[in-house]
Amino acid sequence: MVRLRAAVLASLAVLFSTTSAISTTSAAGFLSEDGTVGFALNVPQADDDNDLYFTFNGPSSSSWIAVGMGSSQMDNSLIFMMYADSTGTNITLSPRYGGGNYEPEHTKDVIVHVMPGSQVVNGRMTANVRCEQCLTWPGGSVDTANTKAPFMFARGPEQDFTSNSVSASVKRHAHYGSFTLDLTKALGTKAVPNADYADSAGTVQLSAKDDKDLAPPFHAFFMLFAFVGVMPIGVLILRILDRPKWHGINQAISVLLALAGVGLGFYIGTLYQRTRSFTSAHQIFGIIIMAMLIGELIVGFLHHRMYMLTRIPTILTKIHIWIGRVVISCGIANGFLGFPLALNRKYNWALLILVGLVLGVAAPFLFWRYRRNIQKKRTASGVRHMEDTGYEDQPWNSGMPTHSFTDLRHMQNYPLQNTKPQQGR
Ligand code: HEM
Ligand SMILES: *[C@@H]1O[C@H](CO)[C@@H](O)[C@H](O)[C@H]1NC(C)=O
């Protein structure tokens, strides 16, 4: 039925139009074995312009659909990618050069015309295309005499995705594969072909693969586990359990986790045009945070060693505490930049809820600890001292009646053995 109606429409189109519209012209055709992506290519007969006419289609539930020419791999191919435009009823066609196994880069050098019949309707998107002087490009070409000309196809993950930009950032494919076409079957009167009439007798699908992109979720998991989970637990180990040694071990583990996550991040960064130059805020911020984190670990060990030798808190103690606060906060904040960069803006809500939960769990402990310290101070240094220090809950001066821990005058009043060594690291 559909074929019949298409045939009637096609013959009507031929009857009533003198220009090159969608027609039953000769074309080589491909339909992926999973039935999702279709492609038909017409090579105009005796054409001095070296144009190509083609149509391709795929499920509109996919964020994007693409077909590439000239290779069975991304490198050196000329790729045509389409996604729904902002109206959701038509498509944006983006010609791109493939440079390797990463997001192909949009090119202005390939002139494409989106032809009538292009649309998003009934769960499918279709692009009808005339591509000007499309037989060669830097790095590749189409040999119209080739009976096994290499092509490839891919579709993006399922996602509501619309853009009018020909250089829109996209996610990595959910499925990709390669095929060959017999281009001698494609030769005919120049026109956008009808995929239903294309000749697929000489077509061979070489490969097809589902692509699970695991690096980004693992990157996010390692980072959040480190910054929202393990690091705050390390703070509680010190503040609630008063175990500096376990605090150190815990935080060293958290840094290793974060380093593993950063390694994944560097790999992911090579995959997308938006990240390949490593200049996005999330990446720059992330590198700075990582440097701070390693510094924090070193300062932590140093100040602990000095404290164990002298039993006097040093400037390193204060630095360690403040870098710690800043670095954990920045690490979590950077997560809010990461999800939009991965085109997963909505996960920021999940992150917000997670951070809220962790704060909700930690708050009672910290409050308990704060009360306990007030109690300790009262018995240790009397009420006069309490008024001096206010709410300050800093272990390095909890036994010392002064705002400034670098001010050593009070040391005469408070002999070392009274400074409660188990608290000041
Ligand atoms: C954001 C966009 C894209 C990214 C990040 C990307 C990345 C990659 C990566 C990492 C691989 C290797 C996968 C593996 O080893 O399992 C790959 C393979 C492949 N990609 Fe893409 N790709 C993108 C877009 C496209 C597009 C638009 C096409 C076009 C049709 C395409 C076609 C292919 C094909 C055919 C392969 C297999 C290559 C081979 O067998 O060596 N990719 N891609
Ligand atoms: C989509 O855009 C092309 C090019 O502007 C046009 O020829 C075609 O008719 C449009 N399709 C729909 C459904 O509006």
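Glycine is no exception: its Cβ is also placed from the backbone N, Cα and C atoms.
Whatever TrEMBL says is automated annotation, not expert-curated.
Here TrEMBL flags 37-156 as domain 'DOMON'.
Marked as signal peptide by TrEMBL: 1-21.
A Cβ distance under 8 Å defines the sequence-distant neighbours of the transmembrane segment (218-241), meaning residues of its chain 6+ beyond its ends; these are 247, 250-251, 253-255, 257-258, 260-261, 264-265, 268, 324, 328, 331-332, 334-335, 338-339, 342, 347, 351, 354-355, 358, 362, 365-366, 368-369. Residues annotated as transmembrane segment in TrEMBL: 218-241 (among others).
Feature annotation from TrEMBL assigns transmembrane segment to 253-272 (among others).
The feature transmembrane segment is assigned by TrEMBL to 284-302 (among others).
Here TrEMBL flags 322-343 (among others) as transmembrane segment.
Within the same chain, residues 224, 228-229, 232, 235-236, 239-240, 332, 335-336, 339 sit at least 6 positions outside the transmembrane segment (349-368) and bring their C-beta atoms closer than 8 Å to a C-beta of that stretch. Sequence annotations record features per position, and here TrEMBL assigns transmembrane segment to 349-368 (among others).
Broken down by DSSP into helix, strand and coil, the domain 'DOMON' (37-156) contains 0 helix, 62 strand, 58 coil.
Note on the transmembrane segment (284-302): residues 248, 251-252, 255, 258-259, 262, 265, 278, 316, 319-320, 323-324, 326-327, 330-331, 334, 337-338 of its chain, located 6 or more positions outside it, place their CB under 8 angstroms from a CB of the stretch.
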